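Asks: Below is the structure I would like to discuss, written out as structure tokens.
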Amino acid sequence: MHEIFYTGCGKVGNTLATHLDRKGHEVLLYDINEEVVKKINEGIHPYVEGIRFKNVKATTDLNQINEFKNLICALPVQVIPKVITKVNLKGKNFISASKGIIHENLKRISQLVKEIEPKLKFFVLSGPSFAEEVSKGLPTAIVLAYEDKEEAMKLQDALDSENFNVYLNDDITGVELGGALKNVIAIAVGLSDGMGYGYNARSAIITRGLHEMANVGEKFGARRETFFGLSGAGDLILTSTSDLSRNRTFGKLLGQGYSVEEALKKINQTVEGVKTAEALYEIIKRENIFAPICEGVYRIIKGEDPKKVYPHFLSNHLREEFQR
């Protein structure tokens, strides 16, 4: 039995809490929303009807983190810098379940956290895992990226179950970037579907988008093969093809003629791909990376006409297929 502190009582936070609860671990969730905290303490899952908690509690007191070794962070990426500086991370296992790039400074979560507390042990939990399906105990496979294999094996044992398979990977950068960048490509796929461009176009954007993700990853020392695993191709396929995906839905609404503001209002939840696209645009320009899909999503988010930008998504500039 492990004791795990969890920041973020959104869908992802409650989903993993549900899974950990089934495995008999004690979980304490942190959130600022008192109504959500109250529901959890009454044993009620705040987002999935019919699911009850046994060993999960919640608090609005962030200082209670000091009692726990294992910290899972499932906060929206842009919120993390404000929260993480308020806690003592010394001696912690920090497991990031958030997917994105910090817009203000273009940093990955691992970079931010390690700057605050260099000696903590950092992990990334990522892969194709829609919250509702995990909460219901449906079969899922994800990856845990690590810098300390001994601790990673302990966490793998704590998380793994018959219907929740956890693989290990020592490429933290690749797993982090895969989880973040696939949201941008999913917006592009949704846009294409919203404009009615068919399955050929969808398949092309997913495939070429994966190539762009791997190109960005390699620039930062990630292994290319990581992007063809669960945190890359696996998560990209799921997020790009299911209407449960907020990023795909956002893109689809843009393709149907909604403005950025209208689409975000209609979804009424965090769409991580929007801020990630803005951060990613700065990165691909700075590093001179050929990434027309990622660049196109940024241009559309900034107000350009999707019908004029879309043709550039698959513009090959007469390149070889696997040219970097």
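Going from the start of the chain as shown, residues are counted 1 onward.
Every residue, even glycine, has its Cβ placed from backbone N, Cα and C.
Look at Swiss-Prot and you will find K182 tagged as active site, proton acceptor, backed by sequence analysis. The sn-glycerol 3-phosphate binding site annotation in Swiss-Prot covers K99, G127, S129, K182, D235, S245, R246, N247. The feature NADPH binding site is assigned by Swiss-Prot to K99, A131, R246, E272, with sequence analysis given as support.
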Asks: Where does S129 (sn-glycerol 3-phosphate binding site) sit in the DSSP three-state scheme?
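Replies: S129 (sn-glycerol 3-phosphate binding site) sits in coil per DSSP, no helix or strand.
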Asks: Ten-angstrom check, please: count other Cβ atoms within 10 Å of the Cβ of D235 (sn-glycerol 3-phosphate binding site), all chains counted.
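Replies: The Cβ of D235 (sn-glycerol 3-phosphate binding site) has 27 Cβ neighbours within 10 Å.
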Asks: Taking each of A131, K182, E272 in turn, which of these recorded positions have a Cα lying within 10 angstroms of the Cα of R246 (sn-glycerol 3-phosphate binding site)?
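Replies: Cα filter at 10 Å returns E272.
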Asks: Among the recorded positions A131, K182, E272, which ones place their C-alpha within 10 angstroms of the C-alpha of K99 (sn-glycerol 3-phosphate binding site)?
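Replies: Near K99 (sn-glycerol 3-phosphate binding site) by Cα: K182, E272.
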Asks: List only the single closest residue to D235 (sn-glycerol 3-phosphate binding site), chosen from the recorded positions A131, K182, E272 by CA-CA distance.
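Replies: Nearest candidate: K182.
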Asks: Mind telling me which of the recorded positions K99, K182 has the densest Cβ neighbourhood, counting other Cβ atoms within 10 Å?
Replies: K182
Asks: Excluding K99, A131, R246, E272, please set out which residues of the same chain place their CB within 8 Å of the center of the CB atoms of the NADPH site, keeping sequence order.
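Replies: Filtered neighbour residues, in order: K11, V12, N183, T239, S245, N247, T270, V271.
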Asks: If you skip the near sequence neighbours and keep only those at least six away, which residues in the chain come within under 8 angstroms of S245 (sn-glycerol 3-phosphate binding site), Cβ to Cβ?
Replies: F130, A186, G190, L238, T239
